[in-house]
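**Student:** One structure follows; several queries about it will come next.
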Amino acid sequence: MDNLTKVTEFLLMEFSGIWELQVLHAGLFLLIYLAVLVGNLLIIAVITLDQHLHTPMYFFLKNLSVLDLCYISVTVPKSIRNSLTRRSSISYLGCVAQVYFFSAFASAELAFLTVMSYDRYVAICHPLQYRAVMTSGGCYQMAVTTWLSCFSYAAVHTGNMFREHVCRSSVIHQFFRDIPHVLALVSCEVFFVEFLTLALSSCLVLGCFILMMISYFQIFSTVLRIPSGQSRAKAFSTCSPQLIVIMLFLTTGLFAALGPIAKALSIQDLVIALTYTVLPPFLNPIIYSLRNKEIKTAMWRLFVKIYFLQK
């Protein structure tokens, strides 16, 4: 049987034992975080201030931007601070809070991508019924239900992981509180914990994956029937990057959850963790919004207004 200890804090592995690499890691993460911050705040401001963008699609894009800011803020700022100060500890309650919010925002990310794929399905496959199906009230209900469901899921998920205040070890073999690595430390009825965590995660991921694939299958089927080759190419160029990000997010997240937990920080674990924690918030503004002509036009109008107001 593993030795059990009552812990009050956890220790994280450093990104590198070399100070210069620690600074490089902090600088790179800071640039990524600032890019995500600026991009998403700009999208939120533009969609909020421009009346032309008060439609269901942009309502969900604004929710996704808010979510991306929250999602990346759970892990990256703390990681930057740890690298610069070389302080790798986090309190037990701090770890619980971070796991809770990470679970909530990760599940909400998946849920909102699913809702947005359904929105595109209705817009492309049933354009005449779009306004009747995607009403303002219906969109608000979907958004509120998504947020509440994901925070409830995170509460069950986190509560199940931290049922007892004892662990096998206080050292997390990752440079942030990655859920699989934390799960490997908790000691309470390990098999039951892992089984329930896997069951909850599998139901969420599989359900969202099936719904997204159905939506995109219908979208591509409709697009292939479009007579104009230029319109087909435009539709494919819009949907393909979205699918790539979704598949990266799902596959790396599942691999991290189902794969073996390494005894030390490895390059493979690092790449996988970065792919599903940093990459989606970084790419989503580019793929879903900044490549969008209406968003770029609205940004231009906003910049023009600001320019003339200052004169």
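Placement of Cβ uses the backbone N, Cα and C atoms for every residue, glycine included.
In case it helps, Swiss-Prot gives these features for our protein:
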type     : residues     : note
TOPO_DOM : 1-26         : topological domain 'Extracellular'
CARBOHYD : Asn3         : N-linked glycosylation site
TRANSMEM : 27-47        : transmembrane segment
TOPO_DOM : 48-55        : topological domain 'Cytoplasmic'
TRANSMEM : 56-76        : transmembrane segment
TOPO_DOM : 77-92        : topological domain 'Extracellular'
TRANSMEM : 93-113       : transmembrane segment
DISULFID : Cys95-Cys188 : disulfide bond
TOPO_DOM : 114-141      : topological domain 'Cytoplasmic'
TRANSMEM : 142-162      : transmembrane segment
TOPO_DOM : 163-189      : topological domain 'Extracellular'
TRANSMEM : 190-210      : transmembrane segment
TOPO_DOM : 211-241      : topological domain 'Cytoplasmic'
TRANSMEM : 242-262      : transmembrane segment
TOPO_DOM : 263-269      : topological domain 'Extracellular'
TRANSMEM : 270-290      : transmembrane segment
TOPO_DOM : 291-311      : topological domain 'Cytoplasmic'
**Student:** Considering only Cβ pairs within less than 8 angstroms, which of the stretches 93-113, 142-162, 270-290 has the most against the transmembrane segment (27-47)?
**Tutor:** 270-290
**Student:** According to DSSP, how is the topological domain 'Cytoplasmic' (48-55) divided among helix, strand and coil residues?
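**Tutor:** Secondary-structure composition of the topological domain 'Cytoplasmic' (48-55): 5 helix, 0 strand, 3 coil.
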**Student:** Where does Cys95 (disulfide bond) sit by DSSP, helix, strand or coil?
**Tutor:** helix
**Student:** Enter the number of other CB atoms within 10 angstroms of the CB of Cys95 (disulfide bond).
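**Tutor:** Neighbour count, Cβ to Cβ under the 10 Å cut-off: 23.
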**Student:** Let me know the model's mean pLDDT on the topological domain 'Cytoplasmic' (211-241).
**Tutor:** 80
